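Taking it in order: structure first as structure tokens, then the write-up.
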């Protein structure tokens, strides 16, 4: 699609979103066509909700988020086949894999093991591996990335190349509660088991989060080497573990106030870290 066509599509989505109270399951014509086109572009990876520039800054394509939201007003509830034991689900969003056969899977080039759930408009790049996991609509999963068992990739989240999302990891979405920007995990990151990254936070390239690290916009991220406290973004090649900051205050009963949770940057990634968190290429052959 040309830049001119994309601009026209964006304008159509923006206009429909401004008039969203009048958009419903009976809506036909330009609005429905524009939303369907936007979702198909997301599904194929030809467009993304957010894109990283050469300067490292991310640009959010808000109009694509709006297209995802409009789809909920346009689509009625329907039976979704494929449940265990021949059961069905009841939803507005079909499976990405609906109607796929062997040729389509081979063309897509990723692995999806039984009980991997991907909603339509999410993109999965070649050589990615989906264990029994959940990838929500509008998300982007990069080449060679592993989404391990019971990990969840939230709506419109951006996962880079050669990332490992360990078992039970949660990557937050943007649709509810509504966030300005998607949660982003850049290339070559390792996210430890049961960790959560939410609220549009960014984990920069090559970083490693230990098991059970929780990062939201209000989470203090403490650099142990400098004492600097930041929010919302982990610097490149950081090794981060769960920690606690002393409160320093005294409660009314005279006892020390409880320490508060924080994420601690304990060091930068080194060869020892890489040897423990490296991607196993044998799994991607």
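Glycine residues also receive a Cβ, built from the backbone N, Cα and C atoms like all the rest.
For 111, 148, the entry in Swiss-Prot reads substrate binding site, with the evidence type sequence analysis. The local packing around residue 148 (substrate binding site), expressed as other Cβ atoms within 10 Å of its Cβ over all shown chains, amounts to 18. In three-state terms derived from DSSP, residue 148 (substrate binding site) belongs to neither a helical nor a strand segment and is classed as coil.
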Local Cβ density at residue 111 (substrate binding site) - other Cβ atoms counted within 10 Å: 16
